[in-house]
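As structure tokens, the structure follows; a few thoughts come after it.
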């Protein structure tokens, strides 16, 4: 029988529910259990695909092409699993499906209501996520804060699950903030008490509290919360701020969180062996070298827009016993005149993805600086496309060369819309999304990065591609197309072989990086940057 764990949040948003859920998932997986995890987002968008990065942070893409919340990146990195489209559910997606069924007459004339139709659809998503992965345990995080109007149907669905599958198969974990008032010199439990009261008013009695805090929590505070919130005192778990996120599973294990969960759900599983994870954390805490990487992006005011990129760089740094000193460079600020001032102290330059015209000329100048000064450079998605544009302009002398997306009237459309995208009008969910194969050119830097594999599978999110009519001119000038689709139609990786490392990929390699198994192209780039710093 599948076990269901529901993680809710109270008092404030952005409290770290996703990290708590992911950490618990890692502990249960290391007990030998098969775990999956999902995120419920109460916003009305179908998915975050068309949302501004300033609003939402990065869009995380799964193998099957779902555009999802960035928390899924935490889930995959912590638990080391590949999730699917059932792992992110929004209000918009649920209402869209219910209304589509209503239009088809599938409700047989019934009045369509939040209860039971919306809640049934939500419960079906929970069960489908578990069944498609054949999991022993599914962890479901509900976005937002208890008390939000948007969350009510989700919480009602969670309440009903206890009746549907039995109380012994369901556990509710509530994550709250325990504020410390410096003037009073004490922690305040009232916000947590009121949050739990709100949750109980909706019919959900939490079985465990995870309290987010900056300071150590005395046992007396835990006992008080246990008494007023009606949970066992040992089930009041402290989640204190840490230097590195990957310490959190170890901190939770030290408080027997996973054992309490297993006892509640009657899961007979051996103790979690966290030896390898602990060794990784110890290594992360004691890195001996540092290298500076300049990230040239258009959304640098909100680092979450590049969360997976940053994590992938860190992972590759761990593999090289090196801390990444990340320099955030706003692409809007980069010009041909100041590129050396902004980028001259960087050991490597990464140009990640994005959409739209703003900042693209600055990215092109950053790429030009890297090429002309032989600074290791990695381009991702739009960064790959602009790498091609930069080469066309400044090596092939194609004045005004550009992407058709950015300048439809350009004489040299180096990047063009994909053929199967021409007639598509909707923006959302219509990109080339998900896992696709890439055939590597033997002897190339890309092939060497991937240990001379013939084909790798990586996740994509794009609508435009390299215009193949320009391939002969590029190749004649030494531009290497080192990765292509198996039918040779789509360019996936480009590089300049004579440079230390000048490689750009159309796909998003960062989405498959793990802290104990870094993505190979990122590792090759970071390794080159470290060598460049010596």
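Glycine is no exception: its Cβ is also placed from the backbone N, Cα and C atoms.
Cβ-based neighbour count (10 Å, all protein chains) for residue 381 (active site, nucleophile) stands at 21. Annotation comment: Swiss-Prot describes 381 as active site, nucleophile.
The active site annotation in Swiss-Prot covers 508 (among others). Of all the Cβ atoms in the protein chains shown, 25 others lie within 10 Å of the Cβ of residue 508 (active site). The secondary structure of residue 508 (active site), as reduced to three states from DSSP, is coil rather than helix or strand.
Per Swiss-Prot, active site is recorded for 510 (among others).
Summarising the annotation, Swiss-Prot assigns UTP binding site to 13, 188, 189, 190, 191, 192, 193, 224 and lists sequence analysis as the type of evidence. Look at residue 224 (UTP binding site): DSSP puts it in a helix.
Residue 193 (UTP binding site) is surrounded by 17 other CB atoms, counting those within 10 A of its CB over all protein chains shown. Among the features that Swiss-Prot reports, CTP binding site is placed at 13, 148, 149, 150, 188, 189, 190, 191, 192, 193, 224.
Taken from Swiss-Prot, the feature ATP binding site covers 14, 15, 16, 17, 18, 19, 71, 240, 241, 242. DSSP classifies residue 18 (ATP binding site) as helix under the three-state reduction. Other C-beta atoms found within 10 angstroms of the C-beta of residue 18 (ATP binding site) number 24, with every protein chain shown included.
If you look up Swiss-Prot, you'll see 54, 354, 382, 383, 384, 385, 405, 463 marked as L-glutamine binding site, on the strength of sequence analysis. Sequence-distant neighbours of residue 382 (L-glutamine binding site) (same chain, 6+ apart, CB under 8 A from its CB) are 351, 352, 353, 354, 355, 360, 363. A helical conformation is recorded for residue 382 (L-glutamine binding site) in the three-state DSSP classification.
The Mg(2+) binding site annotation in Swiss-Prot covers 71, 141. The Cβ of residue 71 (ATP binding site) lies under 8 Å from the Cβ of 18, 21, 22, 39, 60, 141, 143, each on the same chain and at least six residues away in sequence.
Per Swiss-Prot, domain 'Glutamine amidotransferase type-1' is recorded for 292-534.
Residues annotated as region 'Amidoligase domain' in Swiss-Prot: 1-267. Summed and averaged per residue, pLDDT over the region 'Amidoligase domain' (1-267) gives 94.
The L-glutamine-binding residues named in the record, 54, 354, 382, 383, 384, 385, 405, 463, extend over a maximum Cα to Cα distance of 23 Å. Taking a C-beta cut-off of under 8 Å and a sequence gap of six or more, residue 510 (active site) has these contacts in its own chain: 308, 309, 311, 312, 380, 519, 522.
All protein chains shown were included, and the count of other CB atoms within 10 Å of the CB of residue 241 (ATP binding site) stands at 10.
For the pair residue 190 (UTP binding site) and residue 14 (ATP binding site), the Cα-Cα distance reads 19 Å. Within the set of binding-site residues 384, 405, 463, the entry lying nearest in space to residue 193 (UTP binding site) is 463 (CA atoms). Listed recorded positions near residue 381 (active site, nucleophile): 508 (candidates 13, 189, 192, 224, 508; Cα-Cα distance within 10 Å). Distance from the CA of residue 508 (active site) to the CA of residue 463 (L-glutamine binding site) is 14 Å.
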